[in-house]
Amino acid sequence: MGGDDLSFTRLVITALFGLLMLLQIKETSASTSFVSSSVCKSDHLTYTKPYQQGSLFTINGNPVEKLRFCEALRFHKANGCIFEDSFSDDFCTIHSLLGRRFLEEKTVKDSKNSKPKTEYSHVKVSIAGSGFLLLCCALCCPCFHKERKANSHEVLPKESNSVHQVSSFEMSPSSEKIPQSPFRAPPSPSRVPQSPSRYAMSPRPSRLGPLNLTMSQINTATGNFADSHQIGEGGFGVVFKGVLDDGQVVAIKRAKKEHFENLRTEFKSEVDLLSKIGHRNLVKLLGYVDKGDERLIITEYVRNGTLRDHLDGARGTKLNFNQRLEIVIDVCHGLTYLHSYAERQIIHRDIKSSNILLTDSMRAKVADFGFARGGPTDSNQTHILTQVKGTVGYLDPEYMKTYHLTAKSDVYSFGILLVEILTGRRPVEAKRLPDERITVRWAFDKYNEGRVFELVDPNARERVDEKILRKMFSLAFQCAAPTKKERPDMEAVGKQLWAIRSSYLRRSME
């Protein structure tokens with residue numbers, strides 16, 4: 001087909017679509033309707049009357065489907081709300097229930113005090129107009145899409161002595177917006193949390209893209225690795241905060257010179273594994289240096305400190321129970337991705353509170369992959385035979401005895417971490433009484449004695465239902481079982497945590 005024929009076809013399709021949209025607008029404008037609304041607890045419910053095909057339903061100003069709207073009505077009626085006779089619910093076939101509160105009808109007004117009966121028509125006119133414009137752009141401007149696609153794969157040319165950057169495919173920027181947790185707003189049926197299969201189990205690339213820096217730029221960003229820029233230290237090296245010329249803040253991990261040769265394997269492992277993963281609950285690799293006597297790993301900067309800092313109150317605030325539950329679920333999602341959804345199974349081997357970083361919005365990110373190993377590649381292989389590495393208190397006892405590394409070793413560490421988050425105590429506290437020095441044993445004894453409230457960190461600032469606490473500790477003890485056969489996998493742990501979260505939400509609404 002020639003270019004003129006193709007243009008003519010697009011023009012005809014556009015004209016026909018526009019005509020259909022105008023007819024729909026005319027039909028909508030000719031109908032008469034008005035808005036009925038009610039407020040119950042935290043939800044503002046509105047719909048256009050009389051009910052007909054295409055009526056608009058909203059909860060808190062957000063358009064929703066009729067099914068969700070009816071679920072919200074059913075929820076509020078079951079919890080004692082009474083709606084006036086003018087607020088009809090015949091379309092939901094809900095039977096009226098006695099309740100405790102009377103709801104006043106509120107008129108929905110826009111910023112210009114327009115009449116309610118015109119609001120629905122205006123909404124549909126706006127939607128129709130937007131759809132018409134979008135179709136015109138899609139049909140008439142294919143060159144725009146091609147140009148954007150071409151530009152999205154550009155890679156900056158490398159300079160001499162520059163930082164290696166990961167591939168643009170693996171580290172492509174994204175404008176992803178992380179959904180708010182249901183604990184950060186009053187819960188309602190219009191904000192039902194997503195299922196574990198859809199929530200953070202798949203890769204979620206960071207907004208940050210790959211970097212291409214020279215050593216001169218890195219020295220400038222860190223003040224020549226000044227002590228004032230130091231933000232942490234681990235087995236691999238010292239971590240510095242770096243501020244780039246464009247204002248972007250990064251974390252730069254510098255290998256210790258005294259262990260330079262011995263840590264070559266850890267460096268290569270961390271770079272290789274980080275370059276192949278992308279998940280919102282894992283720290284993102286931006287680049288690395290392996291030249292001369294310098295080995296550097298550059299990652300995104302997570303400025304709200306470590307989980308251990310917050311448990312200690314070192315950041316000025318203490319974590320409440322809601323935040324602790326959020327963090328546990330985030331860490332679980334990150335590990336589930338590593339074990340089950342990454343290109344190849346990855347075993348972290350060093351899950352601990354100081355390797356969990358928190359964002360300003362208290363999202364948790366798993367960091368420090370220096371000890372990480374790829375899991376078995378053969379379906380017949382059950383484990384990796386390797387030297388024991390990790391942190392005392394979090395180490396899987398079966399792994400220490402047999403040198404057999406599996407993903408269940410991370411599960412054990414997660415169980416210890418869960419006890420730490422709930423109690424606020426470190427895994428090993430040598431200054432305590434003999435029967436309290438090993439935190440997981442002390443917690444297990446208290447749990448069996450039915451004294452679960454004595455286990456909770458007093459800084460949690462909330463008295464949680466005993467059943468919720470028992471479920472949390474029971475899950476922690478399952479994960480920290482002595483042998484891997486007794487431990488669940490991280491995906492099963494995630495499902496249990498989601499069930500606990502649902503129970504917690506229901507009780508918080510009672």
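Placement of Cβ uses the backbone N, Cα and C atoms for every residue, glycine included.
Looking at 240-265, 422-447, 448-473, the stretch flagged in Swiss-Prot as region 'CaM-binding' turns out to be 240-265. Each residue in the domain 'Protein kinase' (225-499) has a pLDDT score, and their mean in this model is 91.
Shown are the binding-site residues Ile231, Val239; of these, the residue with the fewest other Cβ atoms within 10 Å is Ile231. In this structure the C-alpha atoms belonging to Val239 (ATP binding site) and Thr214 (phosphothreonine) are separated by 18 Å. In the structure as shown, the Cβ atom of Glu233 (ATP binding site) sits within 10 Å of 12 other Cβ atoms. With a cut-off of 8 Å between CB atoms and residues at least 6 apart in sequence, the same chain places Arg373, Tyr403, Leu405 near Thr386 (phosphothreonine), listed in sequence order. Of the listed modified residues, namely Thr214, Ser354, the sparsest Cβ surroundings within 10 Å are found at Thr214.
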